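Structure first, commentary second.
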Amino acid sequence: MKNNLFFACLIGFLVTNVFAQDALVSTIENAVNTDNDKFVAIFKDIHKNPELGFMEVRTSGIVAQELKSYGYSVTEKIAKTGVAGVLKNGSGPVVMYRADMDCNSVKELTDLPYKSTKIVKLENGSETPVAHACGHDAHTTWLLATAKFFSEHKNLWKGTVIFIAQPAEEPILGAEAMVKDGLYTKHNIPEPDYLFGMHSMPFSVGMLAAASGVRMAGTDQLDVTFYGVGGHGSTPHVTKDPILMAASAIMQYQAIVSRAIDPKSSAVVTVGAVQSGTDNNVIPETALLKINLRWFTEHDRQVMIEGIKRINEGIAYAYNLPKDKYPTITFKGWSYPLSNIEELTTIVRESLYALVTDKKLVLDETVVPSVMGSEDMHHLVINNAKKAYCFINVGVVEPNRFEEAAKKGQLAFSNHNGNFEIHLSAIPYGSKAAITSMLAIFNQ
């Protein structure tokens with residue numbers, strides 16, 4: 001009799017939970033679908049008007065205006081263009097959702113009617129096409145859709161929710177800049193108990209990845225300037241050509257990874273830009289290399305940095321340059337590897353099962369390996385290692401396009417490529433994933 005009563009109670013509990021979960025999913029679906037036209041329009045607007053890091057004036061203005069209209073307490077111009085929206089709803093955890101806003105120095109190659117054709121003048125006077133080739137336009141849109149839902153459904157959560165629209169993720173500067181500009185001090189934004197973020201990835205809409213452990217590599221952005229002696233192109237023997245120095249350095253840098261890093265480790269040295277000279281017949285005074293490093297251990301990081309220094313000095317010595325003309329290194333943005341906390345990531349992953357027809361569509365660490373890409377979201381809590389954070393990935397490729405590419409063993413496109421394209425169905429799907437994840441964090 002007691003056993004029968006126990007099993008009856010257990011079945012009743014499970015049935016109640018299933019109905020409650022179905023009701024929650026239905027609430028999220030209805031809210032997101034109702035607002036779909038609004039947020040697709042916002043996405044298209046941001047996509048058509050991309051802005052580079054710390055230049056996101058228009059984008060941050062859209063974010064601030066929307067958050068204010070939802071009833072949030074909004075702080076603007078944190079680290080120039082960062083925005084924070086805070087909404088308190090009784091006692092409970094403090095959960096922060098962060099999205100990045102900046103675009104890439106990439107020419108858009110899609111045929112979308114809302115494609116970017118924007119050209120931006122940089123600080124050095126050069127011009128570059130810009131586009132959202134990494135999905136930050138979608139990230140910002142997902143943030144706004146989630147913020148609206150939370151303001152309209154306070155019965156589903158208790159605590160304090162914070163939405164951060166961050167500038168300058170691409171140069172790996174924005175998160176740290178917001179903290180240094182007094183995010184938690186001067187601007188009085190509550191420190192989060194939990195931090196959540198999402199990133200678009202070139203797999204099919206309907207696929208999600210919530211994987212624990214080390215997910216993304218650490219990175220350094222640095223500039224190396226070679227100094228030479230300029231002169232006429234016809235008399236190179238009376239000059240010291242910085243372009244040749246830079247070319248030699250580029251080739252030698254690659255030997256750092258292949259010959260100084262343990263082959264079982266993963267590391268990358270990429271020279272993303274070479275800038276020197278303006279004329280066919282003039283040997284310039286300087287040459288600039290813009291370099292990106294990727295690594296998973298501090299040891300490998302230091303091996304690469306010290307290797308670059310030694311190569312630079314060796315080249316300068318070979319050219320018989322005085323010490324005051326040795327190459328200089330300017331360190332810019334950096335980030336240590338991003339590691340998802342297992343307990344929090346499991347909570348998020350299990351909540352996402354409600355959105356899919358097959359649990360295999362929510363990928364975990366057994367399927368998704370660590371990647372050499374990098375992030376700086378976790379630098380929002382860099383000074384407090386006890387803060388738990390979770391960073392998930394959202395598929396954004398039209399399913400048939402993804403399948404056709406997969407049959408060839410290819411991706412439909414990669415991030416930072418001019419053909420990168422967020423399918424519009426990813427806007428509501430990503431919003432549902434964000435809302436579901438955030439509610440799970442609040443109600444764990």
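Cβ atoms are placed via backbone N, Cα and C, with glycine included.
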Additional site residue, His199, His232, His378, His379 [criterion: listed by TrEMBL with Cys134, His136, Glu170, His416 for Mn(2+)]: His199
Confidence summary for the domain 'Peptidase M20 dimerisation' (221-311), mean pLDDT rounded: 98
CB contacts for His199 (Mn(2+) binding site) [other CB atoms within 10 A, all chains]: 25
Assigned conformation of His416 (Mn(2+) binding site) - DSSP reduced to three states: coil
Residue, out of the binding-site residues His136, His416, whose Cβ gathers the largest set of other Cβ atoms within 10 Å: His136
